[in-house]
Every structure is written in C-alpha cells, then in structure tokens.
Amino acid sequence: MIPVHLLADAPAQLLPARELMAFTLAMHITLVPLGVALPFITLVMHHRGLRKSDPVALLLARRWSAVMAVQFAVGIITGTVLSFEFGLLWPGMMGRWGDVFGLGFGIEAWAFFLEAILIAIYLYGWRRLPPKTHFWLGVPLPLAALMGAFGIIAANSWMNTPRGFTLDGNGRPVDVTVQQAIFTPMFGPQYWHFVVAMFITAGYVVAGVYAVGWLRGRRDRYHRLGFTVPFTVAAILTPVQFVLGDNIARQVFLKQPIKFAALELVWETDTHVPEYLFGRLQEDGTVKGGIKIPQLDSILAGKSPDTKVTGLSSVPASDRPTATQATIAHWAFDIMALVGTALILLALWYAWCWWRHRDLPKSPWFFRCAAVSGVASVVTVECGWISTEVGRQPWIVYENMRVSEAVTPTGASALWAVFGLVVVVYLLVFGSLLGVVLKMSGRWRLADAASGPGPAGEPADDPEADTPYGPRPEPAGAAPGDHRAPGSEQ
Amino acid sequence: MTANVVAWILLLVIAAYACGGGVDYGAGFWDLCAGGAARGKRPRWLIDHAMAPVWEVNNVWLIFVLVLMWTGFPEFFQTVFTALWLPLALAAVGMVLRGAGFALRKPTRNLAGRRIYGAAFAVSSLLTPFFLGAVIGGVASGRVAPGTVASAHAWANTTSVMAGLVAVAATAFLGAVFLSVDARRFGATDLIGYFRLRARIAGFALLVVGVIGVTLTDPQAAYVHHGLTHGAGLAALLAAVAALVLTTWLVSGPASGWARYSSVATVALLVAAWGLAQRPYLVPTSLTVQEAAGASEPLHWMLFVTAVALVLIGPALVLLYRLDTRGVLEPLTEEDVAE
C-alpha cells in the first residue's frame with residue numbers, strides 16, 4: 001500500500017479512502033491486460049485454426065475462451081466496484097467535475113456494454129454457430145476493448161492535465177468544451193502507452209504459461225503453438241513500447257513538470273541534472289543511496305545536458321508530493337524502465353533466433369526468462385500506474401483539486417471496516433480465480449495425457465467429429481450429469 | 001430541456017437494470033431457496049444454464065446508471081453517494097460476492113467448493129437488490145438533501161426498508177417467471193410447474209409488499225406518496241398492477257412465453273411510477289432535475305453518445321437475446337476443451 005504522509009489538515013478518512021482505492025485498483029489492474037488483449041490473441045489463434053484447419057490451434061483458442069470467461073466475469077465486478085468508489089470515496093471530485101470529464105466514462109460504458117455482449121456471443125457460440133460466423137462475430141471484440149480503453153484513459157489523462165473549462169468566481173467549472181476535456185495533452189501519450197502495455201502483458205502472461213510447460217518437458221506442437229503466437233505478438237510490440245515510453249516520459253516533463261521531478265528525484269530546478277537509479281529522497285532534498293549518473297536526466301528530458309529540469313522545490317510543499325511519495329513514484333518508475341529494458345533484450349533474443357534459424361531459441365534460459373516475463377510485465381503495469389498516480393499527489397485533479405478536498409465525509413472507522421471487508425473478499429475471490437484457472441489447466445493436462453497426442457502433437461482423434469462444430473447431442477432434457485465429457489474426471 | 005431528456009434516459013436505464021439485473025438476482029433468490037444439494041440440484045442446474053450467457057451484460061446497465069448520474073447530474077451523484085454511503089458500499093460488496101460466486105461455481109467440480117460459491121452467489125443475490133432498493137427508498141423518502149452526511153437515518157427507515165423489500169420481491173417475481181419459461185425452452189418439464197408456482201407466490205408477495213409500502217409511505221415520504229396516489233404516477237402504478245395480474249394469468253396458460261414481457265412491464269412500470277411521482281425532483285424535495293443538471297455541452301454530447309451507442313448496441317443486444325432464446329448459445333463443455 002501507499003504510506004501517506006498525512007498533512008496536518010488532512011481529514012482522518014483520507015488514508016483509508018486512499019488505501020481502499022489503491023487496493024481495489026491494484027487488484028483490478030491485474031485483470032485488465034487479459035481483458036483488453038486476450039480476445040485479440042485468442043482470435044489470432046482462432047484464425048490460424050480456421051485457415052489451416054488446425055485442430056491444435058482451435059483447441060488452444062477454445063481453452064483460452066474458457067479462461068477468458070472466468071477472468072472477464074471477475075473483471076466486470078471489480079470494475080463495477082471502481083465505479084461505485086468514485087461516489088463512495090471521492091464524491092467531491094465527481095460532484096464538481098463529473099460533467100466536465102464524465103463523458104469519457106460514458107463512451108467507456110457503452111463500449112464495455114458492446115464488449116460484454118460480443119464476448120457472451122463468442123464464448124457461448126463455439127458449439128452451435130457456423131465456424132466462420134462465430135469467428136467474425138468475435139472480430140469486433142478487440143475494437144470494443146480499444147474503445148473502452150479510450151474512455152478510461154481520457155478520464156485519467158484529464159485528471160493529469162485537466163482542460164476544457166474555465167472557473168467562475170466560486171471556483172466552479174463553467175464553459176465546458178467536451179473536445180478539449182477528452183483530448184487533453186496527456187491523452188495521446190497515455191493511450192498508446194497503455195494499449196501497447198496491455199497487449200505486451202497479455203502476450204507474455206499467456207506465453208509464460210506454455211514456457212513453464214516447455215521447461216517441464218512438454219515440447220509438443222500444442223505447447224509450441226501456445227507459446228509462439230502470444231510471444232510473437234508481445235515481442236513485436238516491445239520495441240514499439242520503448243519509443244512510446246520515452247515519448248510519454250518527455251510529455252510528462254513538458255506537461256506535468258512536478259510529477260517528472262518526483263519520478264526522477266529532482267529537487268532544485270537546474271540544468272545538467274543527474275539521473276538517479278533508485279535512491280531515497282530525504283526531506284531536505286538530498287538523495288540517499290541509489291546510483292547517480294551525471295547529466296543523464298537532462299539528456300533524457302531534452303536530449304541535451306543543458307536542458308533545464310524543474311525541481312520539486314519550485315513549488316510550496318503543499319503543492320508537491322512528499323519525499324516518501326516521490327520516492328515511491330521514483331522506484332515504480334525505475335522498476336518499470338528496468339523491466340521494460342529486460343523485456344526488449346528478451347524480444348531481441350527471440351528475433352535473432354527466428355531470423356537465424358527459423359526456430360525458437362534452444363536455451364532453457366530463454367524459456368526461464370519467458371516464464372517470468374508474464375509476471376514481470378504485470379509488475380511493470382502496476383509500476384506504471386503507481387508512477388502516474390502517486391506522482392500526481394497531492395492533486396486528484398492536477399493543480400485544481402486536492403485529494404483531501406475530494407474525499408467523502410464518511411468517517412474513517414466506517415472506511416477502515418469496509419476496507420478490511422473488501423481485502424478479505426478480494427483475497428478470497430482472486431485466490432479462487434487463480435485456483436479455478438489452475439484446476440482447469442490441470443484437468444486439461446490430464447485429458448491430454450489420457451487421449452495421448454500423436455507424435456506430431458495432434459490430438460489422437462479428429463476433434464471435429466464431435467466438438468465443437470460437429471453434430472452435437474440435444475441439450476434439451478439434459479440432466480446435470482450429461483455434460484461430463486468421456487475421459488474427464490467423473 | 002436536454003436535462004429532462006437525460007433524466008428520462010437515466011430512469012429508462014434504471015428500469016433496464018431493474019429488469020435485466022432483476023431477472024438475475026431473482027434467479028439467485030431461487031437458488032437460495034432451492035433446498036439442499038440433492039433437492040436443489042435440478043433448479044440450480046437450470047438457473048446456471050439459463051443465466052450464464054447474459055448476466056454480465058445485465059450488470060453493465062448499472063455502470064451506465066452511475067455514468068449518467070455523474071456526467072448528467074454531478075451534484076445528485078455526490079448527494080446520493082454521500083448520504084447513502086453504507087447501503088451502497090454493502091451493495092457493491094454484495095455484487096462482488098455474487099458475480100464471483102456465480103462465475104467461479106461453474107468451473108468448480110468438487111461439491112464443497114460449489115456449495116461455498118453457490119452460497120455466496122445466492123445470499124448476495126438477496127442482499128444486493130435489498131440495499132439498492134433501500135437506496136431508492138432513501139432518496140424517495142426525502143431524508144436526503146445536498147450536504148447530508150452518511151447516517152442510518154437516511155436509509156434505515158420505513159420507506160427504505162419497504163423499497164428494499166419491493167426490490168427483492170420484484171426480482172424474485174421476474175426470476176421465477178423467466179425460469180419457468182426457460183424450463184420449457186430447455187425441456188425440463190418438471191421445473192415448469194415448479195417455477196410457475198413460485199412466480200405466482202412472488203407476484204402475490206410483490207403486490208402485498210407494494211400495497212403496504214404505498215400505504216406506509218404516507219407521512220414518511222409525503223411528496224412521493226402524493227405522486228404515487230395521484231395523476232400519472234397513479235396511472236403507472238395501476239398499470240403495473242394490471243401487468244402483474246396479467247403475468248400470473250399468462251404464466252400458467254399456453255402462451256407462457258408472453259409472461260416474460262408482462263413481468264418486465266410490471267417492473268418497468270413500477271420504476272416509471274417512482275420517477276413520475278417524484279418529478280421534477282431528483283431528490284425530493286431539495287434538488288430538481290434542472291438544479292442538478294451539469295454543464296450543457298456534455299449533456300448534449302451525452303445524448304449524441306447515447307444515440308450512437310444505441311445504433312451499435314441495439315442490434316448486438318437483439319442478436320444476443322435472440323441467439324440465447326433460440327438455444328444457440330451454449331457453454332463449452334469439458335469435452336470441448338479436453339480433447
């Protein structure tokens with residue numbers, strides 16, 4: 001959680017409200033990459049299966065759909081909780097600014113609606129829809145996901161660089177222009193950085209599962225395909241993300257200089273600013289620990305050591321993150337950059353082997369790295385979110401509203417009680433989600449072992465014979481037990 | 001003008017959630033009442049089967065309610081979420097338990113696990129609509145005003161509790177009607193009568209709770225009570241009663257499929273009656289639609305976004321419900337993913 005340095009005038013409920021928001025959002029974020037990008041990756045596999053009449057690819061696509069069903073469901077409810085929290089925790093923000101930046105959520109809600117409908121059709125259409133129809137009904141899914149991300153990022157980037165209104169005498173927003181409120185300066189950089197991060201993360205997470213199987217000696221065509229398709233998607237996008245990440249950092253430097261100062265631990269406004277790798281900012285502005293690289297921060301910010309970088313001390317203490325908050329944002333930023341760099345090396349390794357040998361790398365170390373790349377990229381996504389949110393403190397709406405002004409008047413004890421309840425419920429739900437997915441994969445492994453994939457890795461029987469497009473038994477009158485597949489545990 | 005249109009859209013979406021989500025909550029209610037593992041096996045199987053493809057979609061209506069509230073009427077959103085903090089927080093927790101319980105029960109094989117997930121799903125299917133109903137009751141009771149801080153006074157009163165009970169009865173009614181029709185669709189003939197009986201009981205309960213509720217709200221919620229007993233509000237309320245009676249008659253007849261439409265009409269008309277009764281207030285009697293309306297340009301855009309969305313979502317939604325009611329949508333079975 002985020003330890004918060006309470007200012008003297010901060011209301012007591014601010015801390016639990018923050019912890020609750022941070023906790024629920026951190027948990028929800030772990031589901032977002034798969035929610036946004038798993039449909040796309042599954043459709044790529046599905047397409048391959050249809051085009052090459054490849055039963056292994058179709059089997060993978062079906063299994064990924066089954067995982068998608070469970071995780072999308074949990075993502076919907078944790079997302080609904082976040083919408084509630086806007087009102088339960090930050091009514092002050094929504095009451096004053098809801099009409100200015102709420103429209104993005106309106107777009108998101110409809111996009112999400114479309115996504116929920118299409119995903120229901122896709123997930124439940126495998127058995128009875130004609131194969132081509134079924135595939136094409138799934139194709140708009142990634143587009144709906146991109147549209148939903150558009151809404152969310154529009155709202156978040158507005159909080160970072162609020163535009164599209166003027167303040168009247170009472171400090172209330174008037175003359176709202178929607179276009180400016182949606183396409184704020186940070187919108188473009190944030191949107192592309194986010195979307196690409198989602199695809200990369202989903203790719204590495206899915207590929208990581210098959211990398212583990214590969215390391216355990218399951219080197220059939222099923223694992224090869226399950227690894228290659230998502231890993232290729234992620235590996236192609238990783239260098240793209242390098243460029244986008246560099247771009248967003250420079251935009252933060254230009255548009256949110258105090259956040260940039262926090263991310264890079266810059267205290268005094270100066271040129272020839274050094275870059276710190278890790279290290280801890282002290283109250284007096286010095287940095288303890290960490291590796292200091294002279295000149296580098298100015299070079300990164302403006303491509304020249306003469307670039308002037310605004311420091312934290314240029315604004316009053318009440319308008320900037322505390323030393324602890326700056327250190328948290330800085331560490332999150334550095335971890336994100338480090339893991340990102342490591343992922344680029346991994347992608348290059350993969351590209352090299354593919355280019356030289358038209359084959360996967362042989363080294364088990366490659367697969368060990370690939371196996372952890374999934375978890376590592378989820379960590380990176382969390383770090384990116386921490387950087388942008390903690391780096392914006394103490395503002396909820398940058399330079400226009402403090403977090404402490406937005407918080408609910410509900411008492412701290414009620415918030416702590418609900419926080420405790422939510423932690424317990426979320427841990428149970430996410431633990432169960434993980435357990436259920438692991439159980440599913442365990443059952444599939446048993447089924448594969450029982451049916452014995454052929455030497456080429458193809459399932460022994462022609463799967464089209466009875467599933468999912470073949471003739472099927474009548475569902476009518478089916479007793480509860482009828483859905484048990486032959487050969488699975490009974 | 002625009003604000004009024006957006007307010008009507010908001011009411012319409014609330015009605016859509018009450019109906020779509022209500023069917024799901026009702027299914028959960030009957031899951032809760034289905035008895036032990038052996039006795040409740042068949043009804044629970046049907047509930048699982050009938051609900052699965054559409055529940056996520058139904059849930060999204062609620063998100064749209066929230067978005068319309070904060071974009072269209074920011075002050076209204078702030079007021080409701082501040083004053084009615086606890087029931088809303090509990091409803092949110094209930095939604096998590098419910099969704100997770102339902103989603104995780106399906107792929108779970110062992111009985112103990114299924115029981116735990118099933119219990120979470122069923123109990124929270126009862127509590128969530130109760131708390132949401134209590135929130136509506138709290139708003140209608142006139143105990144909430146801009147600046148009211150959270151207190152039990154705002155929602156632990158007769159009007160709120162009655163509204164919560166009406167919500168539970170309405171979901172149980174919708175759930176039973178839809179399940180009895182689904183039972184026919186899936187050929188589970190033994191369950192048609194089972195749910196038909198429950199539809200009648202729930203319909204009767206809804207009528208009783210509703211009448212008691214309207215009677216009791218007299219001194220408690222004077223403005224809304226007056227609206228419900230006069231003019232358009234009364235007309236909508238009577239129409240809801242007529243639709244309710246029609247449903248209990250249709251559900252046992254040969255054209256039972258139509259009972260779904262009349263049950264949806266019942267609940268939608270109830271929501272409409274509430275909306276008509278408290279107009280022009282969003283929060284009677286302290287905040288009108290006009291006073292709470294946000295900036296005009298976003299409101300116009302909201303209408304535009306809604307129109308575009310209808311063009312995109314309408315056909316998709318129709319497709320989903322058609323595929324679903326024709327039995328084209330089926331979950332992947334073990335054999336689909338095991339082979």
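We count from 1, first residue shown onward.
Cβ atoms here come from the backbone N, Cα and C positions, even for glycine.
Residues or ranges marked as transmembrane segment in TrEMBL: B:6-33 (among others).
According to TrEMBL, the feature transmembrane segment maps to B:54-73 (among others).
Counting only same-chain residues 6+ beyond the ends of the transmembrane segment (B:85-104), those with a CB under 8 A from a CB of the stretch are 25, 28, 51, 55, 59, 117-125, 127-128, 131-132, 134-135, 138, 150, 152, 155, 160. TrEMBL lists B:85-104 (among others) with the feature transmembrane segment.
Look at TrEMBL and you will find B:116-140 (among others) tagged as transmembrane segment. Counting only same-chain residues 6+ beyond the ends of the transmembrane segment (B:116-140), those with a CB under 8 A from a CB of the stretch are 21-22, 24-29, 31-32, 44, 80, 83-84, 87-88, 90-91, 93-95, 97-98, 100-102, 104-105, 108, 154-155, 157, 159-168, 170-171, 217, 221, 224, 274, 277-278, 282-284.
Under the heading transmembrane segment, TrEMBL lists B:160-179 (among others). Note on the transmembrane segment (B:160-179): residues 18-19, 22-30, 43, 46-47, 50, 87, 125-126, 129-138, 140-141, 154, 191, 195-196, 198-199, 201-203, 205-206, 209-210, 212-213, 216-217, 244, 247, 251, 259-260, 263-264, 266-267, 270 of its chain, located 6 or more positions outside it, place their CB under 8 angstroms from a CB of the stretch.
Under the heading transmembrane segment, TrEMBL lists B:199-216 (among others).
According to TrEMBL, the feature transmembrane segment maps to B:228-251 (among others). Only residues 6 or more beyond the boundaries of the transmembrane segment (B:228-251), in the same chain, are considered here, and those with a CB under 8 A from a CB of the stretch are 173, 177, 180, 196, 199-200, 203-204, 206-207, 210, 214, 217, 258-259, 262-263, 265-267, 269-270, 272-274, 276-277.
What TrEMBL lists as transmembrane segment is B:258-277 (among others). Same-chain neighbours of the transmembrane segment (B:258-277): 8, 11, 14-15, 18-19, 22, 136, 140, 166, 170, 173-174, 177-178, 180-181, 199, 206, 210, 223-228, 231-234, 236-237, 239-240, 243-244, 246-247, 250-251, counting only residues six or more beyond its ends whose CB sits under 8 Å from a CB of the stretch.
What TrEMBL records for B:301-321 (among others) is transmembrane segment.
The list of residues near the transmembrane segment (B:54-73) in space but at least 6 beyond its ends in sequence, with Cβ under 8 angstroms from a Cβ of it, reads 3, 6-7, 9-10, 13-14, 16-17, 20-21, 23-24, 80, 95, 99, 102, 282, 289, 292-294, 298-299, 302, 317, 320-321, 324.
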